[in-house]
């Protein structure tokens, strides 16, 4: 019976005994240095990384942006394959307005005077023939040249192909000229107008900064070192900043990214720390070991009507560079809620310093057995509390 009573009393004490903190002063420089060193590390992390680098005391918002572009420049060409011609912005910017992008024509393959008529198909395993029975009337191939008429006709002196109804003469899908026809496009310029807003902070700004006037825009040209605020960019400069050669890229075309970074610190008055930063990078894959289907090209046609009412067209296979304008960024401004949250996190980290120091003291120190004996005391109601006195530098721990 007595064992049951003792067990119940022990359980009652285990549940109801009150534990309170007691300061144990340990005159050990090594333990004290560990304690202060951990505290300093936490303070450096909170102040240096959380506050200065991450700026976690700020509220953040993502940028909303719109972009318009305007290309200027002209080029004169006079080659054996093409009559002398002056190219202006209406000829080489296709389409005139893009969605955060613009395309500049740099090289072309032209097939003039096409009409809807009959002509021999280009030779492929499916179009070469010997007799009419090798051709199927009405057959269409997704990668073919037109609708077969069922006739086998002469393509060259030693080859026959199936006749097709199509835009004739057919385009000879050959390689583009090795030197870009519009090589002068490297000197073209583009005005990029970018407006951004951070709705949470009701903040608006343009990349044409408030102090920029019309006279400045007429003469400036962007340079990262000498003129970083100018919104007018030379095409050759952007391509070279991306690590590419404009004339090489112009032959088969490609895709270039114009990145505008609006990372803003709105704690400064009037948004003085909110300016666009421009970087450039080629986006399409350029692999010297695999040059199959590289670059950028597409076809379009210009239609005409002869005096006798017959429709003709000029087919243009266009090679060029597409410039994608990519805007990104976040803005930060002091907020009381994130400040309180991060302050509480800092205090929580500091509260971990004594337990960590206690663990080092009770497991790694030479006098750990002595520290363990004094770390926890049982106070009986009929005795006085013990006290420990020490002199010199001390480290305080609670028990």
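Just so you know, glycine gets a Cβ as well, placed from its N, Cα and C.
Automatic prediction, not curation, is the source of TrEMBL annotations.
Since the structure is predicted, the reported quantities are computational estimates derived from the model, not experimental observations.
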Which range of 274-296, 343-365 is transmembrane segment, per TrEMBL: 343-365
Candidates 119, 162, 274: member of the disulfide-bonded residues with the richest Cβ shell (10 Å): 162
Candidates 152, 230, 264, 274 (disulfide-bonded residues) - the one closest to residue 70 (ATP binding site) by CA: 230
Recorded positions listed as 152, 189, 298, 317, least Cβ neighbours within 10 Å: 298
